[in-house]
Amino acid sequence: MTALRGLWPEMQDTCISLGLMLSIVLFMGLARVVTRQQLNRPTAHAFVLEFLATFQLCFCTHELQLLSEQEPLHPTWPLTLTYFFSLVHGLTLVGTSSNPCGVMMQMMLGGMSAETGAMRLLAQLIGALCSRYCMGALWSLGLTKYHVSERSFACRNPIQVDLPKAVIIEAVSSFIFHSALLHFQEVRTKLRIHLLSALITFLVYAGGSLTGAVFNPALALSLHFKCFDEAFLQFFIVYWLAPSLGKHIFI
């Protein structure tokens, strides 16, 4: 009983974090419903949906990253959460990419016009930055002992290998993920979402301790904005250029 009481504060913090993530998923889902009902212009409609999707992805990843840095009851707990929320995003963010590399791939394959692609990229950039500042404001409330506002203003460099290895890891991760996206298109939707979630979890497991295994420029900007400010060239190469190169290799 004493041991359980000692674990309760940690469990309470974890439950609060999970509640925040699920709440933002529900809120973004409601916002998507309203957008589909109220916005008739296709351009504005696509922009808002891409913004909401990127905001949701970045928000949840910020909180997942925070949870992964705690001392979990079991070492597979962060990976379990990664798989679960990858499923949630796959089910709720249908029709959006939340990843600049995905937009560029569609443009290069002729599935999207340059104007639409530029609009979606802008929506992703705004969504990524808004989620970062929203998390900073939320953490300043101190809802858990891990929520501290200073966290959002510090550069927590995730790159634990030299630059060439980091570039290879992010490029290969992007290559594997986007090639899977194309090859899984003929697979039934429910099975495809599980396969992609499992793949994302594997990539995070394989490269998470080395570079964070982000393979998404918008997500990287949201997670490591301060690091881009302090070491722009390094982070530009690893988190923007490398995933784009990985996607281009496949195409």
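Cβ from N, Cα, C; glycine included.
Of the given residue ranges 84-109, 136-161, TrEMBL assigns the label transmembrane segment to 84-109. Within the chain carrying the transmembrane segment (16-34), a Cβ under 8 angstroms from the stretch's Cβ atoms is held by residues 48-49, 52-53, 55-56, 59-60, 63-64, 66-67, 81, 85, 88, 92, 138, 143-144, 146, all 6 or more beyond its ends. Here the listed stretches are 84-109, 196-219, 231-250, and the one with the most C-beta pairs under 8 angstroms to the transmembrane segment (46-64) is 84-109. For the transmembrane segment (231-250), same-chain residues at least 6 beyond its ends with a Cβ under 8 Å from one of its own Cβ atoms are 100-101, 104-105, 108, 155, 157, 159, 163, 166-175, 178-179, 182, 211, 214-217, 220-221, 224.
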